[in-house]
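Colleague: I am attaching a structure below and will ask some questions about it afterwards.
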């Protein structure tokens, strides 16, 4: 974008602006948003000061940030994102927004140069003083001494939570001399202490818990945007007492008890344990001298104000909202007089003393004495939308007027295409920058702005893809912390006490923890399991691979099995029969498909390439991979049968559209079958829009078409005039004949009835089939289906999808009103989820009284199909502002303009339901909001409370996500394999079911499990060899280490585990050293064919297999074991060698030496 800033800074008009920009009370008028951003960016580039850009709300701040990223390095651009909503302080915070705020405050506190975008709400928000913030930014260096208690206290003050194992942002842990911290900014950090000295600092991976690189020093930023010290708590308690005493007599007697409870709950907090999320509500009472963000800026900072009058309007409504919000919480006994979240001074008072430049599109009256006024003439650019003639005449006008023409396109390929297009129009253009660019020609560069603009006085026009092709601007990637799926779904296999488990031989039990037992004078760790009645089972940790976590549908509570009964055997046999049947069915289908002859497509045509380049967004890697897999299938002679699986809004439709276009380009017809009329309409519109520039005839068959139109479409399919038909089950009627059907695309097949599914099966015959589903297919199942069903998975969301901001709140009409007003004020729409059909119309009336000007519709499952579809269609077409609905919206409907979801009684929903419902919003490039409301003061059932707790962790991270994924995976498995399988999955648990299915499929395909070259080794030694609780306190970590030891087969793996133990838990005690010795002995035994090593008191028995006996070189063995002398004796039993070792001092070392010698005495068989 250098060319643009070069052209601007050389112009006299900009130079006039530059002279007064940064002087007090300057007004700049006439600039469109993108033109304004270009000027502000150039001013910033030329100055050495901090620049503060104030907007009226966060939405505007986001838009300006996207454009500014084109000109300013992401490292120097900061945003202070505060929602335009009071309830934010009353709900679970989004870690993403919090980390952006912390990054901004830290940069300001360090006096860094930068361009800082702050919405009005952020400007007024109460904050910790800058001095306190600076005192709580820590830099740690190797070799420094720290006071550990003081350091840990400071972390708590900064908003960190102490956990036994660090797995989420904002946590820390202490194990021995190791401190782990996961800051909001940067990598997780591991600090190893030698007494009080920092011995080393390493970053580590939360997924593996292993250290990565050593670092010399690290900055630890806060985990909250408030600092809360003991002093702050003391001051807070005093202020709170006064506020309570002041409020109590002034409120209604009926709520005084509620106020007392609110006060008591806050009074309990001590600095050693408090929740920043809750205390932030009391920010007005925390600090003797609270600050705002303006106090963090340098005294010579420059301020730019975007649309002063709009800011004043927002300020007015913000004050009214804040007053009404605080009044409501006081009146309901949930708040105190004097409580507030923002500074009430006028925004002009806040920025007094700084030089302010005001930007306004129109010349306007302002209550400010202006020193300078700079007027620009700026015009919007004609919208061409691919219309060649209009484009050519407009470009010709620019050339004739000697304009500098800057064309911005988003990829290198598009630069070449654009140049070719301009060349056809005889418009001179260049793509490489020269020292100076002559006017009267176009320069085409990679870049993007939200809109184009024309500055006639400067002789400059900037044209973007939005005007050229109606493309939306791609949002720039910004340095937000990437949250990997692995981190989100850390592992639903984590075993917690009380979890249900499945033992391969004994069935479903309950996990009670790891216990160290003394058996025969030695200590060992066992997994303790509870079965039916008082039955208990202790499983040695070295047999833990027989125990899996029981994973089934969310609402499924399994029945415990009885130990020693036949019930479990019967259950397993039933499931075994079922998986064998399904495996056979899958194999038969697969063989049938392999034998079938389909149409073999050629390589992509030139039209295909052009069509794909017209897609206005970057494909995600998963989309690109799925498209390649589908094209590979189409280019084979056997018919395709592929399942494309991806979350709602992850871009499955574009993948399907490309496959459809490929089929049409080779003269084939495409049928696109969808479960509902509305989806048919939406897919039809997408196809029309995507293929408008190509000779493709697309028709729709649904209730929205007249009988005459349907008759014409049927005729067109028969004659071949229609290339693509989109439709509901109407497409399945027997009187429809295709001239040459080549591709059938089925969306959400599981939503069709049995009769329709049968008809789909007949349609599939010898035709390529692509099935789309939004329900995730679990990876384990994916693996067991390899070679039987072709699956493509899209797991990554498109780049410009913002994470949905999720709030968990008590039900309160003022919260609801605020959320509704905020969405409608940005011309958006709202889903209001109310799942009681009998009183849904009363709920609509209640909301209508709250929002008299809003158009409110109702949708529920008891309406006729026609009424429901018409209501939904009106909502999609923006005829209603709010849709009060039941869970009927859970699947399928795409309403890009609806970006707020409010769910009443969220505690009654399953997590997977909430996850899917939340996917309804945040579908466009706007931020989506989801409010999960639960009744105030309601006594929740234990399950609802657990669920609510999980929902509270349902922001970007947290276990709520894991549980939702787990339940959806099981639903996905049911959809893939048939509903009756769902029941079988629930009886034996998901993992065991997947394992049984995989074995059955492999057996039917004749693939034998590779038998281990070396048999299983049993090592039984009378030694205290285990992981003591004093060394590893966290049971999950303990189980994880035992699992790794159980799977160890090489010495490299042993070294790796030793490193991990020292890395994560510090130096290990003698019990752990012995455990590692036993694993080392086992590895030698594995490699040398030893089957048993048993401690018999005074001697140790060692048994070799017959095969190992044949392979051993006796001479080499006897020579190598001479140092053992007479303590070792050799014999033969049933053609297999046995060795006894008499125990003496250091017998464990002797045993290690002996098994190593046995391994080294093995003859290597000639395979070459």
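Quick reminder: no glycine exception, Cβ is built from N, Cα and C everywhere.
Remember, it's a predicted structure, so these values are computed and weren't measured experimentally.
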Colleague: Suppose you had to name the range Swiss-Prot annotates as motif 'DEEQ box'; which of 735-738, 739-742, 743-746, 747-750 would you pick?
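Modeller: That would be 747-750, per the motif 'DEEQ box' entry in Swiss-Prot.
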Colleague: Helix, strand or coil at residue 652 (ATP binding site), per DSSP?
Modeller: helix
Colleague: Going by DSSP, how much of the motif 'DEEQ box' (747-750) is helix, how much is strand and how much is coil, in residues?
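Modeller: Counting residues by DSSP class gives 2 helix, 1 strand, 1 coil.
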Colleague: Tell me which residues of the chain lie with their Cβ under 8 angstroms from that of residue 652 (ATP binding site), as long as they are six or more apart in sequence?
Modeller: 644, 646, 772, 774, 794
Colleague: Across the domain 'Helicase ATP-binding' (633-794), what is the average pLDDT of the model, as a whole number?
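Modeller: Residues in the domain 'Helicase ATP-binding' (633-794) carry a mean pLDDT of 86 in this prediction.
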Colleague: Just to confirm: which same-chain residues, 6+ apart in sequence, have a Cβ under 8 Å from the Cβ of residue 653 (ATP binding site)?
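Modeller: Correct list: 683, 686, 772.
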Colleague: Given the binding-site residues 646, 649, which one is most crowded in terms of C-beta atoms within 10 angstroms?
Modeller: 646
Colleague: 10 Å Cβ neighbour count around residue 650 (ATP binding site)?
Modeller: 22
Colleague: With an 8 Å cut-off on Cβ-Cβ distance and a minimum sequence separation of at least 6, pull the same-chain contacts of residue 651 (ATP binding site), or say none.
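Modeller: Within the chain, residue 651 (ATP binding site) has Cβ neighbours under 8 Å at 619, 620, 623, 794, 798.
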